[in-house]
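Undergrad: When I checked TrEMBL for this same protein, it listed these features:
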type	residues	note
DOMAIN	27-147	domain 'Poly A polymerase head'
BINDING	G32, R35, R116, D159, R162, R165, R168	ATP binding site
BINDING	G32, R35, R116, D159, R162, R165, R168	CTP binding site
BINDING	D45, D47	Mg(2+) binding site
DOMAIN	175-228	domain 'tRNA nucleotidyltransferase/poly(A) polymerase RNA and SrmB- binding'
DOMAIN	250-393	domain 'CCA-adding enzyme C-terminal'
Amino acid sequence: MKIDNLPDVFMAAMPVLKTLEDGSFEAYFVGGSVRDILLGRHIHDVDIATSAYPEEVKELFDKSIDTGIKHGTVTVLYNGESYEITTFRTESGYQDFRRPDHVTFVQNLDEDLKRRDFTINALAMNTDGEIVDLFDGLDDLHHQLIRAVGNPETRFHEDALRMMRAVRFMSQLKFSLGEKTEQAIADNHELLKKISVERIRDEFVKMGIGPNSREAFQVFLDTKLSEDVPDFEGKSELLSVYPKLQFSPTLETSLWSIIIILLKIQNDKIGKFMRDWKNSNAMTNDVEQIVAFFDLLSDHVPSDYELFITGKKTLLNTIDVAHILGQPVDSEALVDRYLALPIKNSNELAVDGRFLIENGVRPGPKLGKLLNEIKQKVISGELENTEDAIGEYIQA
Ligand SMILES: Nc1ccn([C@@H]2O[C@H](COP(=O)(O)OP(=O)(O)OP(=O)(O)O)[C@@H](O)[C@H]2O)c(=O)n1
Ligand SMILES: [Mg+2]
């Protein structure tokens, strides 16, 4: 099979491959970008594999960085873009079911493709757009199947994260799992315990925000992979409630928020739950705000002041979460009300603490209280947002 009219990302990288070929080495596009071009998906970056050793790659290009030279990867800067070029390799010496301990460079593409996780990820494309398909990856793309290259048990023992990758590709690509591949996950799910939470989380999130997250979640639970991820109490509840979602979340904050809402995790436990998954403080904050505002929305129509405190980002994210959960909310009315607020954040208030002090208010706790009172009055429309009006109010 040959692909004509390669997308711009590939054309931009073509001179890099040609440079390798001119140096009498082999060079191919490999991995996810080849899979994605065949599926018509958006391609964010391309990976390049070559017969050249890392030192040889570096000699061919003016600018390069040793990104993972131990694993055979050199990043080359070309025309303002960076390209990862990896020497053909096998991955002998896997330790602890994690990343390869050491790699062995090999001279042919076949060996390199053989070490890859799934048949749809073991495709290569040369500079003429011709596809190299040693493991019926094209057939599997056609049948929308995720199948391990060779023996799935071996592949998962080499790198247990691949079991999570399998379910996340299910979700992202709307594919099914091959029978043997699914069985091997069910038989080996405990290997996932060896994998760092961060790497599991990244795959978990990709699974959760993929278009087929419901089916992927089901397999994630059925194969018991879910038992080997952190703090996943209430997983059976999640299984019964997840199908009630109107559609898959596309935002990471929405994903965490709906899981927390569906599992009924209490306010004071959200921080721990998020930390157990090694989420950042910023992500945790965002999610806490969304869940709190969702609770408020379920309870009553928010006041103007509550809308102000919530802010635009949380408001929009909470509306997203409510829609995904099928919770009725008059989003247009809420957004209109927010947009009509006299001020939308504290910086827009015409006065600050200094203004109050200059107008005779003594520094101290009362000043903060007064400032808040002014803010509330401005938001409710009782007080005009000008220095004059506020100055008068203070004097009164
Ligand atoms: N545990 C892994 C990770 C990666 N790969 C191989 O390395 C390629 C690139 O890996 P990566 O960028 O992580 O995944 P992609 O398949 O490219 O998917 P994405 O679009 O998410 O980048 C994969 O296609 C696959 O051939 C593998 O065999 N085993
Ligand atoms: Mg990739």
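Glycine is treated like the rest: Cβ placed from N, Cα and C.
Remember, TrEMBL labels are computer predictions, not curated facts.
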Undergrad: Pull the DSSP breakdown for the domain 'Poly A polymerase head' (27-147) and write it out as helix, strand, coil residue counts.
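TA: The domain 'Poly A polymerase head' (27-147) comes out at 34 helix, 42 strand, 45 coil.
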Undergrad: Averaged across the domain 'Poly A polymerase head' (27-147), what pLDDT does the model get? Just tell me the whole number, please.
TA: 90
Undergrad: Determine the most Cβ-crowded residue among the binding-site residues R35, R162, R168, using a 10 Å radius around each Cβ and all protein chains in the structure.
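TA: Checking each of R35, R162, R168, the winner is R162.
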Undergrad: Between the Cα atoms of D45 (Mg(2+) binding site) and G32 (ATP binding site), find the distance and write it as a whole number of Å.
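TA: Answer for this pair: 9 Å between alpha carbons.
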Undergrad: What is the separation, in Å, between the Cα atoms of R162 (ATP binding site) and D47 (Mg(2+) binding site)?
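TA: That separation, Cα to Cα, works out to 18 Å.
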Undergrad: Just to verify a number: CA distance, R165 (ATP binding site) to D47 (Mg(2+) binding site), in angstrom, no decimals.
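TA: Rounded to the nearest whole number, the Cα-Cα distance is 18 Å.
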Undergrad: Among G32, R35, R162, R165, R168, please name the binding-site residues whose Cβ is nearer than 6 Å to ligand 2.
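TA: Passing the 6 Å Cβ check against ligand 2: G32.
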Undergrad: Which residue counts does DSSP yield for the domain 'tRNA nucleotidyltransferase/poly(A) polymerase RNA and SrmB- binding' (175-228) in the helix, strand and coil classes, in that order?
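TA: So the domain 'tRNA nucleotidyltransferase/poly(A) polymerase RNA and SrmB- binding' (175-228) is made up of 42 helix, 2 strand, 10 coil.
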Undergrad: Roughly how many angstrom lie between the C-alpha atoms of D47 (Mg(2+) binding site) and R35 (ATP binding site)?
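TA: So the Cα of R35 (ATP binding site) lies 11 Å away from that of D47 (Mg(2+) binding site).
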Undergrad: Sequence gap of 6 or more, C-beta under 8 Å: which same-chain residues meet both conditions with respect to R116 (ATP binding site)?
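TA: R116 (ATP binding site) has long-range Cβ partners G31, A122, V149.
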Undergrad: Counting other Cβ atoms within 10 Å, pick out the least crowded of the binding-site residues D45, D47, D159.
TA: D45
Undergrad: Tell me which binding-site residues (G32, D45, R168) have a Cβ under 6 A from ligand 1; sequence order is fine.
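TA: Result: G32.
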Undergrad: Enter the number of other CB atoms within 10 angstroms of the CB of G32 (ATP binding site).
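TA: G32 (ATP binding site) is surrounded by 17 other Cβ atoms within 10 Å.
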